[in-house]
Amino acid sequence: MFVQEEKIFAGKVLRLHICAADGAEWLEEATEDTSVEKLKESCLKHGAHGSLEDPKNVTHHKLIHAASERVLSDSKTILEENIQDQDVLLLIKKRVPSPLPKMADVSAEEKKKQEQKAPDKDAILRATANLPACSTDRTAVQTTMRDFQTELRKILVSLIEVAQKLLALNPDAVELFKKANAMLDEDEDERVDETALRQLTEMGFPESRASKALRLNHMSVPQAMEWLIEHSEDPAIDTPLPGHAAQAGASAAATTSSTSSEAAVGTSVEDEESRDELTEIFKKIRRKKEFRADARAVISLMEMGFDEKEVIDALRVNNNQQNAACEWLLGDRKPSPEELDQGIDPNSPLFQAILDNPVVQLGLTNPKTLLAFEDMLENPLNSTQWMNDPETGPVMLQISRIFQTLNRT
């Protein structure tokens, strides 16, 4: 019996389950020494007739071992890929890579990017080389924009004068401002908390020192006690706070002048008496609302070598802000304290627009508005409180809107 040589040395025959991408399934027989590429050709003959006419078709497909999800290498045999009998292989067409862009497309894309690119400094200079030079005074442009907080003080000074004249015509104004004056007497900031003062005196501290410590530490007993202990050996501990003694003297002088003026008013006509009394109340309110420098800031700045009057002026100009006051003292000292009491030009478009506003006109006849203006004039940090007040808030809002509108135009 004659047996072919290749069959004598042939490897083990494996039965493999082949699955195509279109869902077709069949059994393919191959020996262990068959290459993956030969197996793929056989599968393509079975699955797609005539597909081998294109020699590149074999390279466009791949076999995947389903169990291990491995792509089989064309150069290896079935044995080398560790394929077993009854294994499942997937015949899948390879994903065609996207074609490279043509040179024309690349050039068009680059050109588009260049067109969208912002010009650099050299390009701007080249494009504007033939244009006439135009110099702009940027400093002058910036200074034309006025700061609202700076202008607000001038506006308030002028509006207070207008409000005083309007309220002097109100027959009930004297009684209204007497009540306001009494409220200020009850709610004065300089008054020391009696409970806190008693706690410190019961600990053995002298009353004068305890009062000074409480004023310096915003009526906080623990901080005041700590300050008294730290400064117990300080020779200046009994020195009155800057401006405190002066304020007491001013209050006494004010009381004397008030008494004498009331005696003089008694000899006047009733209308003049009422007007003078109202003027006197205005003065009292102004004195009680006058600026009070932060004692800690005064001491800190005086320790730097500045005079007490200069320090108080600096804190008044800068709303009790110590750092800003220090910069003011070291700088050109603008604005000056005298400028703070100057009102806005009564003939200016801004002031005329404010006075023509109906909301402002109505608010100026309200005594509470005058008190609010006085308070904001001496304590600018209280502006937020009055902006949220239902009576004074609308007036302040209209003033702000008018200022912003005219400032932009």
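Every residue, even glycine, has its Cβ placed from backbone N, Cα and C.
What Swiss-Prot lists as N-acetylmethionine is MET1. Swiss-Prot lists 14-98 with the feature domain 'Ubiquitin-like'. Under the heading region 'Disordered', Swiss-Prot lists 101-122, 239-273. Marked as compositional bias 'Basic and acidic residues' by Swiss-Prot: 108-122. Marked as domain 'UBA 1' by Swiss-Prot on the basis of sequence analysis: 187-231. Per Swiss-Prot, compositional bias 'Low complexity' is recorded for 245-268. Annotation source Swiss-Prot lists domain 'UBA 2' at 292-332. The domain 'STI1' annotation in Swiss-Prot covers 357-396.
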Checklist entry - If you average the pLDDT over the domain 'UBA 1' (187-231), what number do you get? => result 80
Checklist entry - Using DSSP, how many residues in the domain 'STI1' (357-396) fall into helix, strand and coil? => result 30 helix, 0 strand, 10 coil
Next on the checklist: Can you break down the domain 'UBA 2' (292-332) into helix, strand and coil residue counts using DSSP?
Outcome noted: 28 helix, 0 strand, 13 coil
